[in-house]
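J.: Grabbed the feature section from Swiss-Prot, which reads as follows:
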{"type": "SIGNAL", "residues": "1-27", "note": "signal peptide"}
{"type": "BINDING", "residues": "HIS87, CYS195, CYS198, HIS199", "note": "heme c 3 binding site"}
{"type": "BINDING", "residues": "CYS115, CYS118, LYS119", "note": "heme binding site"}
{"type": "BINDING", "residues": "CYS153, CYS156, HIS157, HIS290", "note": "heme c 2 binding site"}
{"type": "BINDING", "residues": "GLU201, TYR202, LYS250, GLN252", "note": "Ca(2+) binding site"}
{"type": "BINDING", "residues": "TYR202, HIS253", "note": "substrate binding site"}
{"type": "BINDING", "residues": "HIS264, CYS303, CYS306, HIS307", "note": "heme c 5 binding site"}
{"type": "BINDING", "residues": "CYS271, CYS274, HIS275, HIS382", "note": "heme c 4 binding site"}
Amino acid sequence: MMKKMTGKSFALSALVAASFMAAGAMASDKTEPRNEVYKDKFKNQYNSWHDTAKSEELVDALEQDPNMVILWAGYPFAKDYKAPRGHMYAVTDVRNTLRTGAPKDAEDGPLPMACWSCKSPDVPRLIEEQGEDGYFKGKWAKGGPEVTNAIGCGDCHDKGSPKLRISRPYVDRALDAIGTPFSKASKQDKESMVCAQCHVEYYFEKTEDKKGFVKFPWDMGVTVEKMEVYYDSIQFSDWTHALSKAPMLKAQHPEYETWKMGIHGMNNVSCVDCHMPKVTSADGKKFTDHKVGNPFDRFEETCATCHSQTKEFLVGVTNERKAKVKEMKLKAEEQLVKAHFEAEAAWKAGATEEEMKPILTDIRHSQWRWDLAIASHGVAAHAPDEALRILGTSVNKAADARVKLAQLLGKKGITDPVAVPDISTKAKAQAVLGMDMKQLVEEKEAFKKNILPKWDEEAKKREATYK
């Protein structure tokens, strides 16, 4: 049920909004968040960036693979997970996903402010205005009226200049941690580092002094094993699994880390080389195409600059690698789904925390490795061998968990196989978890109808004060 807003709370909301408006009038001199400001000065780049809006299709990844609903039980990704679209949709899609809930005010909702961090040049603007302490404080809804410009110019470039930059302080700290400071990097390296501001694994800190801050788990290295050791060393978990009660890790989108492990990364072929090639405009000018997308769509400007093989041949090789990765992915999922249900059965049979601890550690490590491999959307092209290696270790660790579970269940008198319910569709899997999807969708639609227009109106008024 919706809470009625009292006069006191309404006044407080108005005060918060007014303070945001005042802050907007003092926008940072380092970041211009409005992409359209550059549409004349950098016409070709702007128009090609705007073309990312042509990736209109929304692909429901949970519908394609309902196993993931069970693997993310108790976490927002079990509600909604769609394949990524172009940069133009960054703000739209994070607003619309069921994962962000249906907040009714700036202090409501399931997710923190940090969930805006990869979505907009308004993020560096806010960090510059408020500091990281101010930006990261509070709920995701707090940023609704502030973060309205999609991923664009100010995320990767100095204000009004083609010069590349890191616009988020936590990224500079991460690059320093692995001994590759941006300030000392070559232009070629910088072309990938700017992408690493978002296309990476990250987590939200839980320490009192930096609660909610974004951090990359690179202190011990960027391989799946080293990040795993780091997370274990600080006893971090993203959530507790609803079935197995395992302390879980949710991988994000570690394209930078997996790219470094593949043939392109090891030969320093940058993200820009393949995804933002140099092209020629209608008036004969060379420019960097900002329609970030599949290299095969611009084969002559991307792959063909290095490869002598035909497009058809390389597409075939890539599809073959995708099929192998998918096959191993599904094997890992099959083992993990069974492990979660078997762990649930063990708890119900009276298993103790001491008995379950090594089992839950195996489940945690197995799913972390599965997730890191599949969350990197281009891994079959970037690092197929590494993906298969990681998924192989995931299968092994899930099998280790299941062997221990079989022994434990036997001690508890359960010798028959633990039944896995029908999870053949997204809806059936969500029903198994007791998720009221109808209510979640209705709440989201009300949010989109009642709250989003207010956010946009506040943003419009704030930006009208910009010079």
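Just so you know, glycine gets a Cβ as well, placed from its N, Cα and C.
Mind mapping these onto the model and telling me what they sit next to?
T.: The Cβ of CYS198 (heme c 3 binding site) has CYS118, ILE151, ASP155, HIS253 as same-chain neighbours under 8 Å, each 6 or more residues away in sequence.
Within 10 Å of the C-beta of CYS156 (heme c 2 binding site) there are 22 other C-beta atoms, taking all protein chains into account.
Mapped onto three states, the DSSP output places GLU201 (Ca(2+) binding site) in coil. The local packing around GLU201 (Ca(2+) binding site), expressed as other Cβ atoms within 10 Å of its Cβ over all shown chains, amounts to 26.
Counted within 10 Å of its Cβ, the other Cβ atoms near HIS253 (substrate binding site) come to 19, all protein chains included.
Neighbours of HIS307 (heme c 5 binding site), defined as other CB atoms within 10 A of its CB across all chains, total 12.
For the recorded site, HIS382 (heme c 4 binding site), the DSSP three-state label reads helix.
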J.: Here are the binding-site residues: CYS115, CYS118, CYS153, CYS271, CYS306. Which has the lowest count of other Cβ atoms within 10 Å?
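T.: Ranked by other Cβ atoms within 10 Å, the binding-site residues CYS115, CYS118, CYS153, CYS271, CYS306 bottom out at CYS306.
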J.: Nearest to HIS382 (heme c 4 binding site) in three-dimensional space, by Cα, is which of the binding-site residues CYS156, HIS157, GLU201, CYS303, CYS306?
T.: CYS303
J.: What is the interatomic distance between the Cα atoms of HIS264 (heme c 5 binding site) and CYS153 (heme c 2 binding site), given in whole Å?
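T.: About 26 Å separates the two Cα atoms.
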J.: Looking at the binding-site residues CYS153, GLU201, TYR202, HIS290, whose Cα is closest in space to that of CYS306 (heme c 5 binding site)?
T.: HIS290
J.: Distance check, please: Cα of CYS156 (heme c 2 binding site) against Cα of CYS195 (heme c 3 binding site), rounded to an integer number of angstrom.
T.: 8
J.: Residues with Cβ closer than 8 Å to the Cβ of CYS195 (heme c 3 binding site), same chain and 6+ apart in sequence?
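T.: Looking at Cβ-Cβ distances below 8 Å from CYS195 (heme c 3 binding site), excluding near sequence neighbours, one finds GLU255, TYR256, CYS271, VAL272.
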J.: Expressed to the nearest Å, what is the distance separating GLN252 (Ca(2+) binding site) and HIS199 (heme c 3 binding site) at their Cα atoms?
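T.: Rounded to a whole number, the Cα-Cα distance is 8 Å.
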